[in-house]
Structures are given as C-alpha cells and as structure tokens.
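Peer 1: Before anything else, here's the structure in question.
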Amino acid sequence: MSQPRREQGPLLRFTKMHGLGNDFMVVDAISQPFRLRPEMIRDLADRHFGVGFDQLLVVEPPGLPDVDFRYRIFNADGSEVEQCGNGARCFARFVRDQRLTNKRVIRVQTAKGVIELKVNRDGSVRVNMGVPELNPPAIPFAAEQRKPVHTVEVDGQEVELTAVSMGNPHGVLVVADVDQAPVVTLGPRLERHPRFPARANIGFLQVLDQSHARLRVFERGSGETLACGSGACAAVVAGQLRGLLGQRVEVELRGGRLLIEWQGDGAPVMMEGPATTVFEGQLRLPAETSGRRRRPARAQRQRS
Ligand SMILES: N[C@H](CCC[C@H](N)C(=O)O)C(=O)O
C-alpha cells in the first residue's frame, strides 16, 4: 500500500560553518521566510536525522538604528541564547560571503545587546565581545557578593569556580591538565547546578604561563564542544581575576587557537580567530510539526 504523500513544506537554504570545530547551521532569514519552532531546531541539530550542529544562527534584519543586522542563536537543545563567540565570527563571514553587506566592520544585535565585528583581510575576524559581567545577580549566579572565586558544592564535593557573564553565563574551573579534567562528568552537573538559575557553560582552564592556556568547555544546551569563543573570553577573565593570566592570552581549545585580550575591569574582551564555511545546502522543512520527533527530509549537501 503506497505511503500517504506527506504534504511538503518550503525549501530552506542554509550554510554549514564552524569556528575551530564549534559548528553551526547558518540561515539567512532576510531573503527567505523561516519560522522557528524549538522541536524543529532539535531535529535539525540531530547529527543522524538532521543537519547536525552545536548552534543554529539565524540572520535577520536589524531591529535597532545604527545596527547592520540582528542574529539569533539557538543551542542544539532548542534554547535561545544571548551570545556566541565562534558564531559571531562565522556570522560576519556569512553576511559578507552572501553579499548581504560589503562592510568589514559590522554591528550586530543579539539577544543581549550589540557587538562589533571586524573582518580582517586574511579572513579572520576580531570581535568586541563586550565588558564581562561579574555581579552575581546579572550573571546570573547565586552568591552574596562578587568574588574572584566561589565555592560550589557538587555531590558532596567542594568545587572552586569563577562566575562571569559574557552576555551568557559561565563557570570557570582551574585544572592541572585539561586532558584529565572531569569535563563529561562534572560539566553537566555544574551546567544545571541550582546556583546557576539560567544554567551555565562550564570551562576547564589549564594555565601554561601568563600568555598561554588550554581550555575545554562543557556548553550549556550543547554539551562539550571543540571550541567555545565566549568560554575562552570567560576563561581569560577568570585567569586574570585569579592573578594567573596576563592581558593577551593565546587560548588553545580542542579545535584550535583563539587570541583573547582583556585590559581589566571595565574594558571589553576582544577575541580574534578563524571562521570556516564547509558547505551550502538546502532541505525541505516538514509542512507542520506535530510535536512528535519527525525526521526532516535528508539534508542535501552542495560542497561550496
Ligand atoms: N552554549 C552557549 C551558546 C554558544 C556559545 C559558544 N558556542 C561560543 O562560541 O561562545 C550558551 O548556552 O550560552
């Protein structure tokens, strides 16, 4: 008996990109309609039944004067978030490659505010990630006062961490060796710890010297990623507050290196690094999503 023909939804064009292996599905929602539903994002994020990504980036027209674009960021679990460092660099390359702008300095509005990006001639991107937020209620982190190091109880053990927001919340632990760090066991426990009421990205920082560090990050809503740009910024802030790192640090993540600069209290954190396009594709969205797990039509790849 032939299968009933499922009414098909619209075709969606997208670009697959990554920043040091932290990977993204990027959608131009200016020149094509794109209605978002959390369950659809989770399906698209699936690395077997969908496109597969750590975050979905959706490019929209600006909502503020003196801003070039707005872009929305969604984790693999469908949650919308305020900031994505690696995503910001890929966004900047995307809007230029798609001829949505010819500017090299781009101002973009996110859920948390406006950031400024500069696309260098070699294709790398320098991002002003804004001023780090250290006041607990604004992170948010449950604590009586702002301190460089807080002690958090997890499963009967005491863990020391620095709480900082780069627009999104981070908890940073200092470890002797990132390769031996309990990222996949302690990471999820801290990501959802009650003292982080909005959950948090958990960084495991190994300091090599004042200007070199290694980092692994268990990301809120996506799990451990190969790199986390806002996490690298949070880690350098934490390292400086603890007197372990200088103002210009090369941070080595599993997927590669970022340059992070912070002049201290009140100054913005600057991040510089690569952005890579892997392929362009299109897929047919389901006509509707009934809330059950549906397998979006298999994504088609066109190597760019
Ligand atoms: N998982 C993060 C968003 C993505 C951040 C990361 N991919 C980066 O490069 O900063 C959060 O929930 O705040």
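Just so it is clear, glycine is given a Cβ too, placed from its N, Cα and C backbone atoms.
Pulled the feature table from TrEMBL, pasting it below:
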{"type": "ACT_SITE", "residues": "C84", "note": "active site, proton donor"}
{"type": "ACT_SITE", "residues": "C84", "note": "active site"}
{"type": "ACT_SITE", "residues": "C228", "note": "active site, proton acceptor"}
{"type": "BINDING", "residues": "N22, Q55, N75, G85, N86, N168, N201, E219, R220, G229, S230", "note": "substrate binding site"}
{"type": "SITE", "residues": "F279", "note": "site 'Important for dimerization'"}
Peer 1: Nearest to the residue listed as 'active site, proton donor' by Cα, among N75, R220, S230, F279 (recorded positions)?
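Peer 2: That would be S230, the closest of N75, R220, S230, F279 to the residue listed as 'active site, proton donor'.
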Peer 1: Among the binding-site residues listed here, N86, N201, which has the most company in the form of other Cβ atoms within 10 Å of its Cβ?
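Peer 2: When each Cβ's neighbours within 10 Å are tallied, N86 tops the list.
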Peer 1: Where ligand 1 binds, which of the recorded positions N86, N201, F279 are close by, with Cβ under 6 Å?
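Peer 2: What lies within reach of ligand 1, judged by Cβ under 6 Å, is N86, N201.
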Peer 1: Just report the maximum Cα pair distance in Å for the recorded substrate binders N22, Q55, N75, G85, N86, N168, N201, E219, R220, G229, S230, no decimals.
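Peer 2: For the residues that bind substrate, the greatest Cα distance is 16 Å.
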Peer 1: Which one of these binding-site residues has the most other Cβ atoms within 10 Å of its own Cβ: N22, N75, S230?
Peer 2: S230
Peer 1: Specify the secondary structure state of F279 (site 'Important for dimerization') as given by DSSP, simplified to three classes.
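Peer 2: For F279 (site 'Important for dimerization') - judged by DSSP and reduced to three states - the answer is strand.
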Peer 1: Given the recorded substrate site (N22, Q55, N75, G85, N86, N168, N201, E219, R220, G229, S230), which additional residues of the same chain have their Cβ within 8 Å of the Cβ centre, ordered by sequence?
Peer 2: D54, I73, V81, Q83, C84, G87, V217, S222, T225, C228, G231
Peer 1: At a 10 A cut-off on CB-CB distances, which of the active-site residues C84, C228 has the highest count?
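Peer 2: For the active-site residues C84, C228, the Cβ with the most other Cβ atoms within 10 Å is C228.
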Peer 1: Can you grab the distance from N201 (substrate binding site) over to C228 (active site, proton acceptor)? Cα atoms, rounded to a whole Å.
Peer 2: 9
Peer 1: Take the Cβ of R220 (substrate binding site) and count every other Cβ within 10 Å, whichever protein chain it belongs to.
Peer 2: 25
Peer 1: Distance between N75 (substrate binding site) and F279 (site 'Important for dimerization') at the Cα atoms, whole Å?
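Peer 2: Between the alpha carbons of N75 (substrate binding site) and F279 (site 'Important for dimerization') there are 20 Å.
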Peer 1: Can you tell me the three-state DSSP label for N86 (substrate binding site)?
Peer 2: helix
